[in-house]
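Structure first, then comments.
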């Protein structure tokens, strides 16, 4: 008999119902639960899958380069980055009528195309690419790397080349290699690329493999490095009249500390960026020698942790036992990695618009909005994943004996205090913020807007002033002309910083007022509530007041009736599930705030945000309704334009989102009735009844139905906002 799916679980493969398919898909990546899994095979499978992941990433980025080179207008865009719309790829659609063909034929293309809002044109331009040939070369190189990654993954699954468990658990060596090799070497290599290729290209000097060894990136070469005159590398930077991509106004410096932005491109100075990467490389080369390996230098992480015993004894046995706990738990390590990556991704979103690194990207408003929103959503999903794996760690990997009275055990022991404090913070933020908004709504509704409660964010304004923003008149630190830091800033370091922070044409330290104060606290409410749900889910994963015996029930047990006090909504999975809704709504508020504030800034009517953002009707009317009006006008052959597809996607996104609720408000008996009815109808329908299946149809489990609902809610939510964001921004600014 042919083996049935799933091969990794004999128990499931023999299941006579459709549960076999769904549970097979659900546990396909849960290697730990597979038949015949050993610790060694687990580590090797994950290691090999990393190469597969790299192959997919390289293939995807190669595809971006290839399609732009083939169907884009990169060379035309390079000649006039501010007025030519960058093309992502061509559209070939049988459904397009003549009005659609005309509406989507843009950017000098011969037929319908999609416009790129990803910033890849600006990125490739900044790093020195100039022709389609450059793009094709990059695509082929990445395709080669993709193939190498696939071969490497297959190679490391061969018996002779499988690494041992001890190799995977050698934390010090891995850290040293990742710090020095991954971060250090790649940062140094990137500095090299910027200095040898990107900076000369920005000054009109074309450097490629044929002349790479002949063109000195700095007139005196490595002389200043060996003679200790490093300051020479910063002398004669590009002038404020420099035209990017030409020699007009160009200097010779390669490593600078100018601060602020290039006046023409509105992006960070390339020579500052090169300097930054060189500094990072230096720091990481040192960091990569921090942990002791075979060479006898550096520290043992275990020794460091075991030495961490607080003198007063207030933290019990301190960090004893933590090294083995972390080193033997893949879920703990994944949780730490996801938490770090989530924070970094959110910081990337904040810095991409406030300190744009790519030439001319700051003037491409739709791209700025799309990139900010994209990175915040990615960060949200990654961070919720961190807590999910933290919860799985407590269920599968946590050993109370090994961690007796250390910081981890003590955190579990006072989890009630942690959870209740988070709860109080959330309640305080929620009631007070909503109270202020609602009060202001009532005052406007009753015709007394002067009675609004408007609170100036004075602490945040003081922090902005300390960084040099002079508008508020605080006269503190960098905004005080008497401060030594202010005077040094004019001459020694970052002379361009103070000009940039006080220039109203960029997004650096935006002016804030009462509307910002309110939405800041609304976002704080969302963050604290999301954190509360996630932290509670992880800390209660092994057992809670209601159900002290969760360990053997696993991560995602379903509702189980009133026995043991009822198990509804108390598995760690239930907490993750609820937290994702809060995460999405919180990021909704974050992106609404960012987008509305920037639209008014770009249009030159900041008063609209300042006046309308202090009450809820202002948000609904002047942000959501006003900016979606183009998307709810409908579409027809006469009014067809390039926003019509976004109008359709806006509708479609709402539909997917609403479908999610059908799966969320239900219980298992409902699904079983539904599937029985569908199966009955199918078997009695001509033609359809000639198709039979071997598996008996059974209902979705409660957890599965919730997952289907959550997936539709998330996808629909993001589709809806993506259409709104891109259409409302590109509709205004082209």
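Every residue gets a Cβ built from N, Cα and C, even glycine.
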Per Swiss-Prot record, range annotated transmembrane segment [choices 175-199, 200-224, 225-249]: 175-199
Range among 46-69, 70-93 that Swiss-Prot annotates as transmembrane segment: 46-69
Annotated transmembrane segment segment (source Swiss-Prot; candidates 99-125, 369-395, 450-476): 369-395
Swiss-Prot annotation (transmembrane segment) - matching range among 479-497, 498-516, 517-535, 536-554: 517-535
Range annotated as transmembrane segment - as stated in Swiss-Prot, picked from 3-24, 575-596: 575-596
Intrachain C-beta neighbours of residue 654 (chlorophyll a B1 binding site), sequence separation six or more, cut-off 8 angstroms: 716, 720
Other C-beta atoms that fall within 10 angstroms of the C-beta of residue 568 ([4Fe-4S] cluster binding site): 13
Distal contacts, the transmembrane segment (517-535) - CB-CB under 8 A, six or more residues away: 384, 387, 418-419, 422-423, 425-426, 429-430, 432-433, 436-437, 455-457, 460, 575-576, 578-579, 582-583, 585-586, 589-590, 592-593, 613-614
Range from 135-158, 175-199, 330-353, 369-395 with most C-beta pairs under 8 A to the transmembrane segment (273-291): 175-199
Candidate with sparsest Cβ neighbourhood (10 Å radius) among 559, 662, the listed binding-site residues: 662
Beyond the flanks of the transmembrane segment (707-727) by 6 or more, those residues with Cβ under 8 Å of it: 117, 366, 369-370, 373, 377, 577, 580-581, 584, 588, 591, 595, 627-628, 630-631, 643, 646-647, 649-650, 652-664, 700
Cβ-based isolation winner (fewest other Cβ atoms within 10 Å) among the binding-site residues 670, 671: 670
Residue 670 (chlorophyll a B3 binding site) in three-state DSSP notation: helix
Whole-number Å value for how far residue 671 (phylloquinone binding site) lies from residue 662 (chlorophyll a B3 binding site) (Cα to Cα): 11
